[in-house]
Amino acid sequence: NSSYRIISIGRGALGGDVYLGKSPNSDAPCPDGVFRYNSDVGPSGTPVRFIPLSTNIFEDQLLNIQFNIPTVKLCVSYTIWKVGNLNAYFRTMLLETGGTIGQADNSYFKIVKSSKIGYNLLSCPFTSIICLRCPEDQFCAKVGVVIQNGKRRLALVNENPLDVLFQEV
């Protein structure tokens with residue numbers, strides 16, 4: 001299974017790779033936040049792997065995202081992306097780690113073509129359990145960026161989703 005870096009298409013302060021970092025005020029024993037570096041001239045991002053429900057990775061299908069890094073046993077679950085609970089300050093949900101692979105929960109995402117350039121990430125709760133006849137994307141939310149303690153944190157947004165490309169590592 002290949003690893004990729006998720007790279008923001010923007011340049012300068014609008015650019016920057018996605019990485020695993022420590023969430024402010026978190027008491028988790030491992031890094032547990034999904035962030036984007038503040039500039040495209042910053043360090044390289046943390047590699048990820050995409051784990052599809054089926055055998056291959058395609059656009060617009062449910063998948064899990066996992067930071068693909070060596071880690072101690074205690075921190076393995078802190079590599080799998082999920083959407084956290086509502087953050088009152090930001091009035092949205094922040095992306096964090098601690099998700100589960102293959103479970104019907106808040107750990108499912110999709111990669112879709114951006115309306116501008118590149119791709120967007122969507123958070124998509126596993127909807128077949130919620131609503132058997134609903135269009136699948138009805139429950140999906142766009143992933144963008146909020147500023148948390150000077151860091152760019154990935155979060156669910158209504159506007160300005162993060163436009164990204166994927167670089168195989």
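Heads up, the Cβ atoms here are built off N, Cα and C, so glycines get one too.
Residues or ranges marked as disulfide bond by Swiss-Prot: Cys30-Cys75, Cys124-Cys134. According to Swiss-Prot, the feature N-linked glycosylation site maps to Asn1.
There are 18 other CB atoms within 10 A of the CB of Cys75 (disulfide bond), with all protein chains counted.
Listed disulfide-bonded residues: Cys30, Cys124. The one with the lowest count of other Cβ atoms within 10 Å of its Cβ is Cys30. DSSP assigns Cys75 (disulfide bond) to a helical segment in the three-state reduction. Less than 8 angstroms from the CB of the residue listed as 'N-linked glycosylation site' sit Arg49, Phe50, Ile51, each of them six or more residues away in the same chain. When the Cα atoms are compared, Cys124 (disulfide bond) and Cys30 (disulfide bond) turn out to be 25 Å apart.
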